[in-house]
């Protein structure tokens, strides 16, 4: 086999949820598989991302815009909510769910924003301060200007009528002469890649600092968590440490590790407790705060972190491209050459697997393991020498399958249609799936060789392991690890979780999680 890898496929490869630059507005929309929980093979649908760059047409003029999905909480702690019945809006939400997610759309030409509900309707006001949110067409009454205070709250001022948007419960209006403040809560995946807009580089862990010098976010070091905490945000590196405003990492949360967020020219900025903005300093791009005024040096993007994996062949060795363009399974040590990125292709309804030097393979998924298929529809199996050989027909034995090791998930966050997995309450260690805020868990590989069978251990931040109870619910109370397995679904980086009893986890709307599904197709798919 002379050319194991092929160039990027000519068909459209799905872009990141959040584009790396604003130079490619055609990449603004992606499709994900349906979030129906009981079938791995639902048709793709369009979804809203936490950030995207798009364009729209207004009065026959194309307008460039960028968008952020978030919730807005008023001074009484209630979220702005868009009701499907009657297109009414209120401030009654107690947590961030679908009805409470709004898209803040920044218009580059007019330096203003629009507010779009989860129903794709725009918020507008009239000269009497009366609000409506029942139209998907923009007009001058939809324009607002953003203002900020010292504690990170936002105010929306009507561009046309110069009044502020505010109110409480069902009594919302836009006729206040003074600002009424809202706290932004980003609807963002907790595990992301952080990109500096001006440098066009990504943040990564480097000893006791975060450096913004990665051209391609590759491996677990490039994973960043943005955690929401009482209207503030913490930036957490892949080793679990928190970014301090002075550029160092620390193990504990303090005022110096808390940031508020603002939008500058449509991009995200982070401001510390001393009113200084986060930026990247020097040739290493050390992540720290410096200037009191936001500019291009302080602009950031949050990009979705796509799953990156290592592949273990049937001989127990890692697949890599270390020897060139040929794939081989003959090394035990992990490096960039043995890390691959999964990218789902809606046209093929299959994955592409990408190497760090931008080559692709098509793959198929089966029982949490994968098999390689070349562009000429042949399959790969490892030879005794470690080199991968092409066979004309699908091999029925295990030789054609490769086990998966998830590389860029140093901590795990699981989310389904009903919410995030988290603890039932502060006194209970039982897990439920309807939490508004995410809980971090860590993934541990077994050392007894059972990882080739797909076995992993899941544990909480306190080092206590997941286990299954007599009623088949899941609890984080184990002193010894229990054997779970994550099986990759044939759709957009989702997994199903197999419990120690051989059953798959199923989530219910009331929050309960039980290991009751015999078939993975009926199990809950988790964003991972």
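We count from 1, first residue shown onward.
A Cβ is built for glycine as well, from the same backbone N, Cα and C atoms used for every other residue.
Feature list (source: TrEMBL):
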COMPBIAS  7-17  compositional bias 'Pro residues'
COMPBIAS  23-37  compositional bias 'Polar residues'
DOMAIN    77-179  domain 'Fascin-like'
DOMAIN    195-301  domain 'Fascin-like'
DOMAIN    315-364  domain 'Fascin-like'
DOMAIN    438-528  domain 'Fascin-like'
REGION    1-44  region 'Disordered'
Practice task
Determine which recorded stretch among 77-179, 315-364, 438-528 has the most C-beta pairs below 8 angstroms with the domain 'Fascin-like' (195-301).
Solution key: 77-179
Exercise for the section: Tell me the residue counts in helix, strand and coil for the domain 'Fascin-like' (77-179), as DSSP assigns them. Expected result: 9 helix, 51 strand, 43 coil
Exercise for the section: Determine how many residues of the domain 'Fascin-like' (438-528) DSSP places in helix, in strand and in coil. Expected result: 7 helix, 40 strand, 44 coil
Completion exercise
For the domain 'Fascin-like' (315-364), the DSSP residue counts stand at 3 helix, 23 strand, 24 coil
